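Scroll down for the structure; my scribbles are underneath it.
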Amino acid sequence: MAFNFAAILAFVSLAAVTSAAPSKTTCSNGVVVPDAVCCDFVPLASALQSEVLMGDCGEDAHELVRLIFHDAIAISQSMGPSAGGGADGSMLIFPTVEPAFFPNLGIADSVNNLIPFLSQFPTISAGDLVQFAGAVAISNCPGAPQLEFLAGRPNATAPAIDGLIPEPQDDVTKILARFKDAGNFSPAEVVALLASHSIARADHVDPTLDAAPFDSTPFDFDTQIFLEVLLKGVGFPGLANNTGEVSSPLPVTDGTDVGELRLQSDFALARDERTACAWQSFVNEQEAMATAFKNAVKKLAVLGHNRNDLVDCSAVVPVPKPATGTPATFPASTGPQDLELTCTTEPFPTLSTAPGAQQTLIPHCSDGTMTCNSVQFDGPATNFGGADDS
């Protein structure tokens, strides 16, 4: 009998591939995932929305997005493992330590809001909870990308040391060095991570202001932040001479409708020759910005871990709300004459200007009202210290 060795080898190879293929599991919501562990996050997403986020890209969402960065960046290649474990949930495991550090002022709110979920979902680690909660939170913001989420981070065994969180008064050289030491982030990746400032607000940079936005559209994940930081400053939304703050182009405040607050670090990164072109490249480039942010967070979220040890549960991350489709626009009272451009190798896009001779107030709440829905659980974390870079 003649044997077809090519056919036999093909069959054996196919059998090997088939046997090595990961099994699939269908979760209760119909989502197919590579591992049953991913299904634990389906009810967690629902609980986060119903108990904290309420489907809104509001203050609670902003704070959870901030937490994914502050937890993960606390790691150092030069100082070694004793400095911090990166994306390990140490903020939640040691809530009386890291939230009290100077750069983490305000982080206690999101820490206390997440701590109850550790007992409610005991199979989910603190590190996974922090990263997943941030992914769920940003999905409420129109235009945001669907973030990758990998599960399986072990719980932190020690808190990170102080001094690893970049601060808004830091110069560009110090900021870039901190990111390189944390995880070999390039200057362009640092800028990409700052797309989160499109939905960020500050509570403590100016002690007289609550929820001061960084751009005029703080409830949309859009490129407006990259335009407005390039405009010349004309005033402050509250007090002047605050550490880490420089004048902004849209400072008008009326009650709880707080004017735009500009971080010194954003101002500097937008104008430094090492980062200016990356910054400018995102103006009116929604898809490019969202993709770059997703890729940078993908790197941030596994600091301190080996990707191969984790399970890809991205399928259970909610699909974000679609972008509004509104192009980047010069706010009323501003225009091309107000641009302060350092990057000369790339043309600046042609943009329209919103009508009006005076600044339009920036709404305090996503629905335009003065009183926003917000949740704040009691907990062990307390706020001390200095500037909040949200």
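Heads up, the Cβ atoms here are built off N, Cα and C, so glycines get one too.
Per Swiss-Prot, the features are:
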type	residues	note
DISULFID	Cys27-Cys39	disulfide bond
DISULFID	Cys38-Cys313	disulfide bond
DISULFID	Cys57-Cys141	disulfide bond
BINDING	Glu59, Glu63, Asp203	Mn(2+) binding site
SITE	Arg66	site 'Transition state stabilizer'
ACT_SITE	His70	active site, proton acceptor
BINDING	His197	heme b binding site
DISULFID	Cys277-Cys343	disulfide bond
DISULFID	Cys365-Cys372	disulfide bond
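A map of Swiss-Prot features onto the structure.
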| residue | record | Cβ within 10 Å |
| --- | --- | --- |
| Cys27 | disulfide bond | 18 |
| Cys39 | disulfide bond | 17 |
| Cys57 | disulfide bond | 25 |
| Glu59 | Mn(2+) binding site | 24 |
| His70 | active site, proton acceptor | 25 |
| Asp203 | Mn(2+) binding site | 19 |
| Cys277 | disulfide bond | 17 |
| Cys343 | disulfide bond | 18 |
| Cys365 | disulfide bond | 18 |
| Cys372 | disulfide bond | 16 |
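Glu63 (Mn(2+) binding site) falls within a helical segment according to DSSP. For the pair formed by His70 (active site, proton acceptor) and Glu59 (Mn(2+) binding site), distance between Cα atoms is given as 16 Å, rounded to the nearest Å. Rounded to a whole number, the distance between the Cα atoms of Cys313 (disulfide bond) and Cys39 (disulfide bond) is 8 Å. For the pair formed by Cys38 (disulfide bond) and Asp203 (Mn(2+) binding site), distance between Cα atoms is given as 35 Å, rounded to the nearest Å. Between Glu63 (Mn(2+) binding site) and Cys57 (disulfide bond), the C-alpha separation comes to 10 Å.
Checked against Cys372 (disulfide bond) by C-alpha proximity, the binding-site residues Glu59, His197, Asp203 yield Glu59 as the nearest. Nearest neighbour of Cys313 (disulfide bond) by Cα distance, taken over the recorded positions Glu59, Cys141, Asp203, Cys277, Cys343: Cys141. For the pair Asp203 (Mn(2+) binding site) and Cys277 (disulfide bond), the Cα-Cα distance reads 29 Å.
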